[in-house]
Amino acid sequence: MAAPSEGDAASLLPDLPGGPLQAYRARASFCWKELALFLEGEDMLRLKKSIFSALEDDPLFARSRGHELSLEKHQELTFLRCKRVLGRALLRVEDMVRNPLSVLTLITCLGTYDWSLAQKFLLHLLVFGFAIYKSGSERHLEYLPKILSMEIFGCFAVTEVSHGSNAKAIRTTAHYDPATEEFILHSPDFEAAKFWVGNMGKTATHAVVFAQLYTPGGRCHGLHSFLVQIRNPKTLLPMPGVMVGDIGKKLGLNGIDNGFAMFHKVRIPRRALLNQTGDVTPEGTYVTPFKDAKQRFGASLNNLSMGRAIIVAMSVVNLKLAVSIALRFSATRRQFGPTDEEEVPVLEYQTQRWRLLPYLAAVYALDHFSKWLFLNLAEFQQGWEDRSTRQAELGREIHALVSGSKPLASWTAQRGIQECREACGGHGYLAVNRLGDLRNENDPNCTYEGDNNVLLQQTSGYLLGLLELRLQGGARLESPLGTVDFLEAYPDILDQRFSCPSVAGCLESSVPLAAYEWLVCYLLRESVQKVNQEKRSGSSDFEARNNSQVYRCRSLALAFLELTVVRRFHEYVHQPGVPPPLRATLQRLSALYALWSLNQHTALLYRGGYFSGEQAGKMIENTILDLCAQLKDDAVALVDVIAPPDFILDSPIGRADGELYKNLWTAVLQESKVLERASWWAEFPASKTHVESLKSRL
């Protein structure tokens, strides 16, 4: 990409305020504006600026200080904000179709401000609306304008009280009655109640409900989705036979009204069936374009893959915000020094750099990967009617990548946010600085849309299946996106050993890339051997897979995703189009993320024989520390590239001016009644001591 003109930079990326952070900014080896334009492009930066400005300029989105909203008021405000966002049309439908990445940008920008708002918008428009568009047919298109205008408000109901990850075992039923051409939707008991459904608690009028479809004669055709009205749009009262409500306060994201619903023999018209993967004739005959029941089931849950891919991006945003706050704090917080009179920023300490800079590198690597994954998934879904072999292989590969990347991203963010919180000391524990909210709001990313540990089994199963096909029929180990092509050299890779003569040699991310290829091959071999050993011992296929997860299949899936992220970012930062002033910094970030991630597997690398002698492990550790030292002076500029405006970041200790204590003091004073005597003190009689008063109250 060409270097930006001065006009572009001034309009899209205004200069940052002066202040204590200026010392680090002056030492940066690159222009932060040039890097931002290279990574994002002008169109995305312009979209981000328009979204953030729209939020900041609207009084409805004003930040409130000093008091907590009640659960009901919080949900009301989130709904009103969602309505305002839809009314503003921040992104046109044609723009979404032309550039799918703009959809991800809109969601993550809203989430950067408030995840309750982003999720409410996402669930209504993109999950509920997209499900109708993709899973329905022409007869369902009439609902799309109503969704855009919020004439109806939607939710996506898969999970039940007793079943989440195991969607096949969902117990809500839909029996077809040919006499009336209706389905009878029924929840047999509370365990079959739809539960945890976002937007269902108070605001949804319609739901895409997943149920087991039965035709006359009692034959079950598996899980299908139905468009069901659950409330009257004018009164918000439940429809006859529907029991619906809010599940209550959660650890975070309380602007979202997560709800439950039970259906007591609710009759819905035949046309309510979203019939893209299967339909029922008026007479009660089931028809489907899929010959394979597994393929039909996978297609019916296609929306979950998009949801998981978005969760990857959501996790990256949470880590971005936490790292931005912690590094700006670390560059301005001074403690100790070479003399009593001279205190230095805590970023100058090796430990602080080692704690935070690998997570900064992770942000850059995972952010690039998440966009690549989202674009490939969008392309796959656009060609979903293609029944070719390549399309089927692409679907399996993307499913494996999405299933593994959600755990990797959400767990990395979970650990990183906690590290950032601790790295900010007591100030990080102050709610106004937002790190606690980020931690709580990232936490559900580890469990919804599929528990992380369960999802990893999808990824490892894909890899084991590929190797099994190769061993049985000699098929080449390759995939449409090329993420498994290296396995073609599987036996040769296992014979390789670590060879890097110096720390300088390890500074190139190709070194950990080679190590990761060996590690994945090693874990694949170990996993296959463990599964086969279990089967020889008399275990069933189910038991064999179950007993091979810990230390083998689970580790295999995570290592494969780490390798994929490392490879994608390595290839990106080494492409010829990277502007020369940016290359060194980007390549250091790539090497740091790769080595830091690889270092978590040191024991396996030694156990499998790839490492030998103490020098290999020491070299990896020393290179990580060297890279942290080299990136130290660039850290603030790298944060300036990823941090949103102060209004959106909403953290006094993370503001762009770096006036740490001034901003913190202002925030504390804005808290309500901070200088007033506690209201309950007036209840104590003046004639008694404090202790006597307390005793009398007890």
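Heads up, the Cβ atoms here are built off N, Cα and C, so glycines get one too.
Just so you know, TrEMBL annotations are computer predictions that nobody has curated.
Annotated features in TrEMBL:
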ACT_SITE  E449  active site, proton acceptor
BINDING   T159, G198  FAD binding site
DOMAIN    155-264  domain 'Acyl-CoA oxidase/dehydrogenase middle'
DOMAIN    304-464  domain 'Acyl-CoA oxidase C-alpha1'
DOMAIN    511-684  domain 'Acyl-CoA oxidase C-terminal'
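Taking a C-beta cut-off of under 8 angstroms and a sequence separation of 6 or more, G198 (FAD binding site) has the following same-chain neighbours: Q119, K120, L123, C155, F156, I256, D257, N258.
The Cβ neighbour count for T159 (FAD binding site), using a 10 Å radius over every protein chain in view, is 20. Long-range Cβ proximity for E449 (active site, proton acceptor), meaning a same-chain Cβ under 8 A and a gap of 6 or more residues, is found for L304, G307, R308, I311, K406.
Confidence over the domain 'Acyl-CoA oxidase C-terminal' (511-684), given as mean pLDDT on the 0 to 100 scale, stands at 93. Per DSSP, the secondary structure of the domain 'Acyl-CoA oxidase/dehydrogenase middle' (155-264) breaks down as 6 helix, 51 strand, 53 coil.
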